[in-house]
């Protein structure tokens, strides 16, 4: 599903060169729930950005769902993000001037679905997170947990192959965080691959596999997934 | 195209809508009316007086001695000198010339009864040399005969047996005719209710203008020449037409020469017709220049306003744009979003602006006698302002399109 091999990411200014990821190799199988942990500045967000095609890597290779994404055009990367990936952000990133229905509709419009197909998917996604009755409400009228559920619905509506969650519970209290985590577990149980960056060891422990990043490198892997360990997968790739 | 959600966003943030919408509306209302007035004024600059403009000058004289009085003999002596002078094609005494902004006018009727067809018209005095002196385009009939020309003093009625009229005056006076030549032989009536008199149209001239433009009538094209020599108090006005190449010499020397003929009067500096024309157009030129400045400034303010507000929105929505990009929007989608948003706001402004432009035009029509605004100006102005609005939004919209999707995961 997702394979990065000897991937690197270097940020350059005229004064400084920062190696955010170095010789970064990872393989994620379809259906996995991977928690990515690591201290601040370790490269977690850079990994998520590159995995989500939000940034380009500097070196190495990255294959997503059978497509080598290195050197793809911006338009093609946008299309892949739209069709294969779903995003959940720490700050929810809902559009404040759109109601819940229209917020979930945003990626579907870019996908080019017709109105009835979009309506079906939006209603189904909002139903799935328990917010169908509030579809005409605006984000400011919801609690943080509800807003994150809308963001999950937005990510789910496009039926992505991989859900990328960047600190999805970072702005929530523990009760809301647990509720969101339960929804994510349910989604994963239904077959969607999830990669989740988190600082919370309790949440990380609930994932089926843990990846630890330090100084831009995968330094510690613990796996409870019944598949091939990451290091072995990379080695055999 | 996501028009409905964009519209929803616009309506939820009415400040931008009001600011840009009102700005566009006011700009449209003022610019469209100003452009129409500019167009009219620029059209004025192309006006032709209907005379040989390059070779005509006027000479005015005024007696200063207490017992000086202009007589027919004085005028004949002056004309005799002028007509014989080398470089002069012809000369005549008159009351005024086209575009001088000073002259005589009256109302003439197509029939004896006062309540029938009538027009306002300028009245010029002329003698048998009219066509030759002014270089008029006589399209039908004949010039005045010497026997028809009579002296005129202010204590007399303006009666004559023959008149020469402009083609526009003939068509306006007799709406039933198709061609101005058909007015030849018809009678033009004038005078008070109990003292009516008429003159036969003996000639039709084309293109000659009145001394001034009327505010609301077509008097500018209505001209009636009467065969009169003005013998009025101590004044004299002569129109002189030079031969090609002799105009500068005439302009320089004719005044002292004429002054020498009679030391009891002052002969003013001659007025070259191009100067008369320039003075006539000065107001139009100044008005057009001022309005063009206003239009340019307004459009500039409009462009800067749109660039400023859209730039502000782009900055304010940086995270939102990154999120849209993360969710699959292409750079083109982001560009289109801001252009459509601006086009919607501009379109609402234009709709209000059209109403405002019509209201402003109504006021200008009633207050200043300006013509009604043609639809072409309104439609063209509205379309132009829309295009300008979209073009102005392009710069910040392109900046928005360049925002990377990774912004979605950053704290901004």
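Along the chain as shown, the residues are counted starting at 1.
Here the Cβ of each residue, glycine as well, is placed from N, Cα and C on the backbone.
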Legend entry - Feature transmembrane segment in TrEMBL, mapped to one of the ranges B:15-38, B:39-62: B:15-38
Legend entry - Mean per-residue pLDDT computed across the domain 'ABC3 transporter permease C-terminal' (B:293-405): 92
Inset, instruction - Taking helix as H, G and I and strand as E and B in DSSP, count the residues of the domain 'ABC3 transporter permease C-terminal' (B:293-405) in helix, strand and coil. - result: 99 helix, 0 strand, 14 coil
